[in-house]
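According to TrEMBL, the active site, proton donor/acceptor annotation covers ASP151. The Mg(2+) binding site annotation in TrEMBL covers ASN7, GLU385. Among the features that TrEMBL reports, ATP binding site is placed at LYS14, HIS209, LEU210, GLY211, ASN212, GLY213, ASP283, MET284, ARG285, GLY331, VAL332, GLY333, GLU334, ASN335. Per TrEMBL, substrate binding site is recorded for ARG94. Residues or ranges marked as site 'Transition state stabilizer' in TrEMBL: HIS183, ARG242.
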Amino acid sequence: MYILVINSGSSSIKYQLFPFHSEEPLSKGLIERIGLPGSFLTHTFTRQGVEQTLRLDEPVADHAAGMRQVAALLVRADIAVLQDPAQISCIGHRVVHGGETLSRTTVITPGVKQKIKDLYPLAPLHNPGHIKGIEVTEAIFPGALQVAVFDTAFHQTLPERAFRYAIPERFYKQEGVRVYGFHGISHEYVAGEALAYLGRPGARLVTIHLGNGCSMAAVQGGTCIDTSMGMTPLDGLIMGTRSGTIDASVLIHLSERLGLTPAELSVLLNKESGMLGLTGHSDMRDVSRLYAAGDPAAVLAYEMYAYRIKKFIGAYAAALNGLDAIVFTAGVGENDALTRELVCRDMDVFGIAIDGNENTRRDAGIRNLSAAGARTPVLVIPTNEELAIARKCRKLAEESA
Ligand SMILES: Nc1ncnc2c1ncn2[C@@H]1O[C@H](COP(=O)(O)OP(=O)(O)O)[C@@H](O)[C@H]1O
Ligand SMILES: CC(=O)OP(=O)(O)O
Ligand SMILES: [Mg+2]
């Protein structure tokens, strides 16, 4: 028996295939830059004890095309790691938005699929891709149990003062207008890794997930008490194509002055803003090349991106009444030394200072970047949302057995 995990991000699809009782994947892969020039897939698999990697440099226009490519690779006879695709008994899908009613790990029924579809307007960059992932795998692995694991679950512990908006209560009660928070699978995973690394189960952490989507969480002894995304994954930090926090009056102004409709405003803020809006590029590797060449728009965009993160570190140090470590994770957080340098610069008030050499090293695994004598560990912890999802699927399967 095997568990296949599918993690559709806004710019990527990641997947791992685990033996049911093992945390060592038999096969894993990643499609990056979906919808951008230069998209590519890397597929790693172990056959007869030898690890091999296959790279496909083909345009991947959207998540549907990406999922078809992944599914085809998993059953391709010459590289297949399983004799029979029916050996996959469970498929775990990351689902970003489950709204008010879905946050616990759940078996995907037609009703669950409908709820994920109903939430398209609240997660336009994610929920449509999740449905594609579910439908493609249902067709190819018809006997497997399909399971949804939600990005919102870890944020269910937020106190009401953190999850409510200051608008009349009826909008919360009748419309579910509240902070849900996202990237919870990743924040929970890296917080757990950090607590174990520090050997301090009660530590106060700020976890900083910087991928194409970006968010932060304030975590007290493993429990989340605040997070930067809101009712949707648009809020908070500046992201690849999303604006992050913006004065709501800007939308009213644009609608009144320029006649922008709700649909046009959604496209503007979700797909045309953030680093893309500021520099013309959403992928941080492209923006960092421009920065290195001294491009003024890229320099400003990096400064804005880092400044927003700094402000949330300050806010969460206050919310936690202290700070025992900060954790960088995800595509940018794990790989982009420039972002970490700009965020950690002039942060002595929080005991944060990093060592330049440590920051630019490229070792795998958990790293502590703190400069000698600095009070607060600055950790880089590779996230592994797929492993976290596999663990939750295994728990669900065992509980319902
Ligand atoms: N070596 C690298 N240096 C800088 N940024 C990187 C590097 N590798 C990946 N990234 C950035 O990580 C982001 C994608 O992160 P990821 O966590 O995979 O995103 P998502 O899951 O939101 O689709 C992209 O902006 C990409 O540029
Ligand atoms: C919630 C979210 O923005 O996810 P991702 O970063 O994977 O796009
Ligand atoms: Mg992601």
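Glycine residues also receive a Cβ, built from the backbone N, Cα and C atoms like all the rest.
Taking the C-alpha atom of GLU385 (Mg(2+) binding site) as reference, the shortest distance to any of the binding-site residues LYS14, ARG285, VAL332 belongs to LYS14. Reported as a whole number, the C-alpha separation between ASP151 (active site, proton donor/acceptor) and HIS183 (site 'Transition state stabilizer') equals 5 Å. Note: the Cα of LEU210 (ATP binding site) and the Cα of HIS183 (site 'Transition state stabilizer') are spaced 10 Å from each other. Across LYS14, HIS209, LEU210, GLY211, ASN212, GLY213, ASP283, MET284, ARG285, GLY331, VAL332, GLY333, GLU334, ASN335, which the record gives as binding ATP, the greatest C-alpha separation is 19 Å.
Long-range Cβ neighbours of ASP283 (ATP binding site) (same chain, at least 6 residues apart, Cβ-Cβ under 8 Å): SER11, ARG33, LEU36, ASN212, GLY240. For the recorded positions shown (ASP151, GLU334, GLU385), fewest C-beta neighbours within 10 angstroms: GLU334.
For ARG94 (substrate binding site), the nearest neighbour among the recorded positions LYS14, ARG242, VAL332, judged by Cα separation, is LYS14.
In the three-state DSSP scheme, ASN7 (Mg(2+) binding site) falls into the strand class. A separation of roughly 17 Å, to the nearest angstrom, links the Cα atoms of ARG285 (ATP binding site) and ARG242 (site 'Transition state stabilizer').
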